[in-house]
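Inspection log for the structure reproduced underneath, given as structure tokens.
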């Protein structure tokens, strides 16, 4: 009896990769590794360029640095267990280890959502009040925004981990993905999950739900301002400054909505589809953001080419 109680007190969790394709994990892990390597290289490049170019020490690029740092954190938090599953066929993870990974995955996801909102506010101020832009978005204001974004994420997710810790689990629990997510851990509990489920929903509503509404409102205000500009050339120029950010927003929210829809309505879908959507949700934004900003933002693109040419010479 004591052995069983110890097992329940310290439950074991088994991560899940692509079921039925275990013999091809070596091949499957190759594109995952390439995505991870490209994400890390791209985001480090963005951070390096902004850090070393004084002309980029502006609010827009400070927010871009926050986005790159968040993407690095999200990739680094997710990939260890994925490589453990796909490279070493090691599925087991301790309860505490699972909670830690879950905590940081959700913290970085909430931070990314808030950073995208802050970037929308930056574009709103730049377009609606260009003459007051520097006076509104001072360094102190940007530091305050960064601290508020981080503090909100840390504070929101911590109680979720605490509530999960209080639940009871089987000695061995099988998860749906090669990493730990809150909604996946809740499914494995054998005790009442009502409080944890309600709190998890509240976190989503108060973070990504609120951020998405404010994002939409920001772009309604931006569009209204742009349409009031008399010159067509100036209208196009103003909208072009938002293209990279719009791509980043779509890259973040589209996979998230897709994963939610699959979980809600795709119960008959293959487990491979669920794992694939979860991987897209966590891997694609850190990959695409530096690519989009490097290609669509002239200042970033020119500085990267300048650094490349200097090293080439």
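The backbone N, Cα and C atoms fix where each Cβ goes, glycine too.
Where the annotation comes from TrEMBL, it is an automatic prediction and has not been curated.
Note that the structure is predicted; figures quoted are calculated from it, not measured.
Record features, source TrEMBL:
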- 42-293: domain 'G-protein coupled receptors family 1 profile' (DOMAIN)
- 25-50: transmembrane segment (TRANSMEM)
- 62-88: transmembrane segment (TRANSMEM)
- 100-121: transmembrane segment (TRANSMEM)
- 141-164: transmembrane segment (TRANSMEM)
- 198-230: transmembrane segment (TRANSMEM)
- 242-262: transmembrane segment (TRANSMEM)
- 274-295: transmembrane segment (TRANSMEM)
The transmembrane segment (100-121) touching the transmembrane segment (242-262) per 3+ Cβ pairs under 8 Å rule: yes
Winner by Cβ pairs under 8 Å against the transmembrane segment (62-88), considering only 100-121, 141-164, 198-230, 274-295: 100-121
